[in-house]
Amino acid sequence: MKNSVSDRSFYIESSDDEDLEKEIDNDDGNESDSSGSSADNQNHNQPSSYTTAAWPQSYRQSIDMLGSVHSPSIGLLGTSSLARFGSSFLSSSLTRRFTPEAFSSSISKPLLPTVIDDPHKHAPPHSPLGPPLPSRRSSISIRRDDKDKPVVIDSHGLPVSRHSTFGQAVVNGINVLCGVGILSTPYAMKEGGWLGLSILMIFAVLSFYTGILLRACLDSRPGLETYPDIGQAAFGAMGRVIISIVLYVELYASCIEYVILESDNLSSLFPRAHISFGGLEINAHLLFAIATALAVLPTVYLRDLSILSYISAGGVVASIVVVLCLFWVGLVDDVGFHGNVTPLNLSSLPVALGLYGFCYSGHAVFPNIYSSMGKQSQFPAVLLTCFGICTLLYAGVAVMGYLMFGESTLSQYTLNLPQDLVASKIAVWTTVVNPFTKYALTISPVAMSLEEFIPPNHPKSHFYSILIRTGLVISTLLVGLSVPFFGLMMSLIGSLLTMLVALILPCVCYLSILRGKVTFLQRVLCCIVIAVGVVASAIGSFSAIKKIIEELSG
């Protein structure tokens, strides 16, 4: 490829990001010296192999693509480096990075590489945390691209972004948080009432707090960069596996929501669309669900999803456009506000719990965003900005949508917008286009994790990779057709999975990793958050499942 990284590299050891930057600067300014001693440095400083390589190994790479945090040169709207990337299709993409052939070599590399220097450098003697995990920096290398510029590479051969700015981190965070959940906040207000909106605020505060806890977990031991890493530090290899499964199930469920969303919105645009085949009548919902699966299928075969990740980063713009269209329809197009004020709706409040919880399902990516930041001390401010902006958007859309449509509010407010208005068409088409770019990025972590189980150098590895990815798309289609209830599915995901990922697990991991350093107040706060998460998860999940069964049987 034109901009592929060359083989010239040398390993470096540093204790902080400043040392890493100095190495890069020195390498850039002393090209001849570094190139001449490259092989010597590589042989001398190459880290020893870490004894365990627990599944999944591909998490960092895949989630970085999903969160658009993998490139330090990403601009405000994620478009400044588009020219550097090309998308590889099936013939070449299935031989990249975490295919069985490539994985056979990466599996022998350390999951959390061992430290070359003093193992007690990062933890005091008799630390309650136990022996420190290996440092990730001992396995960092510098390679040069075609333009002879240094590129920092980690132990898995992935580019290490240590220069993400505050603004870039905020955009990435909002892009993760402000997704399709914003479409259902008016429906959540209808289900929970005005007072139910306080649940949104509570979840925002608690999720912000648990985001800070994740940062504390990452800082507790060197070598931690992702959510599964935290799980491994807290509960060993089994903790890593369990947390990874939960995160992957959440991503898989989000893809099911994309299929339902596309089917609902496209069928609202073309309600008369149908196909008669051999006496079988395919209505608009079924037709567009199948069309969505066929449209996204080629994209899931891509291994290099760089372009899609940059386009997906425009999800921030897409969310703002959809919100502005709602306000335009209500204020300018004189649709008006006709909603009745319902203070509290106890019968359906549990559904609102899951819907509001789903709005803050970004914790799987927060550790990656933190690891990518140049100034990691700014992470709390990044979280505060992201949660503040997203909460204002969620609350504003909830109030505006509910006032406009009242008790007739549907699970996606785009379905309530008058179809003859220009703003309505813009909102619906923006909603339709965005998931097409996000589907492959969302399902790719799941696919890559399953591909790790393909035996190394298997002669049919390419076939199995295609089979896995095709099977995932078909399965999301079948589940979406079997349970075509966007709001109820979102409520179930928010209650069952998001409460676990965003509230319960961060506190549990924090208490486990830092058990000897946690103050009484911190322990009490964590227990309160865990209790809120468990109660909300139990009540919300039961209510959502009950209503889904009622809809299916009715």
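Start at 1 and count along the chain as shown; that gives each residue its number.
Placed from the backbone N, Cα and C atoms, the Cβ positions cover glycine too.
What TrEMBL annotates here:
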type	residues	note
REGION	1-52	region 'Disordered'
COMPBIAS	14-31	compositional bias 'Acidic residues'
COMPBIAS	32-43	compositional bias 'Low complexity'
REGION	114-141	region 'Disordered'
COMPBIAS	125-134	compositional bias 'Pro residues'
DOMAIN	163-544	domain 'Amino acid transporter transmembrane'
TRANSMEM	194-218	transmembrane segment
TRANSMEM	239-260	transmembrane segment
TRANSMEM	280-300	transmembrane segment
TRANSMEM	307-329	transmembrane segment
TRANSMEM	349-370	transmembrane segment
TRANSMEM	382-406	transmembrane segment
TRANSMEM	462-486	transmembrane segment
TRANSMEM	492-513	transmembrane segment
TRANSMEM	525-545	transmembrane segment
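Counting same-chain residues at least six beyond the ends of the transmembrane segment (239-260), those with a Cβ under 8 angstroms from any Cβ of the stretch are 54-56, 59, 66, 179-180, 227-232, 289, 292-293, 296, 361, 364, 435, 438-439, 442-443, 445-446, 449, 472, 476-477, 479-480, 483-486, 489-490, 493, 497-498, 500-501, 505, 509. Contacts between the transmembrane segment (194-218) and the transmembrane segment (349-370): present, as 3 or more C-beta pairs lie under 8 angstroms, all at sequence separation of six or more. With a cut-off of 8 Å between Cβ atoms, the residues of this chain six or more beyond the transmembrane segment (349-370) that come close are 60, 63-64, 66-67, 69, 164, 169, 172-173, 176-177, 181-182, 184-185, 187-189, 191-193, 196, 199-200, 203-204, 207, 210-211, 214-215, 218, 224-227, 229-230, 247, 250-251, 254, 376, 379, 382-383, 386-387, 390, 394, 487-488, 490-499, 501-502, 506, 536, 539-544, 547.
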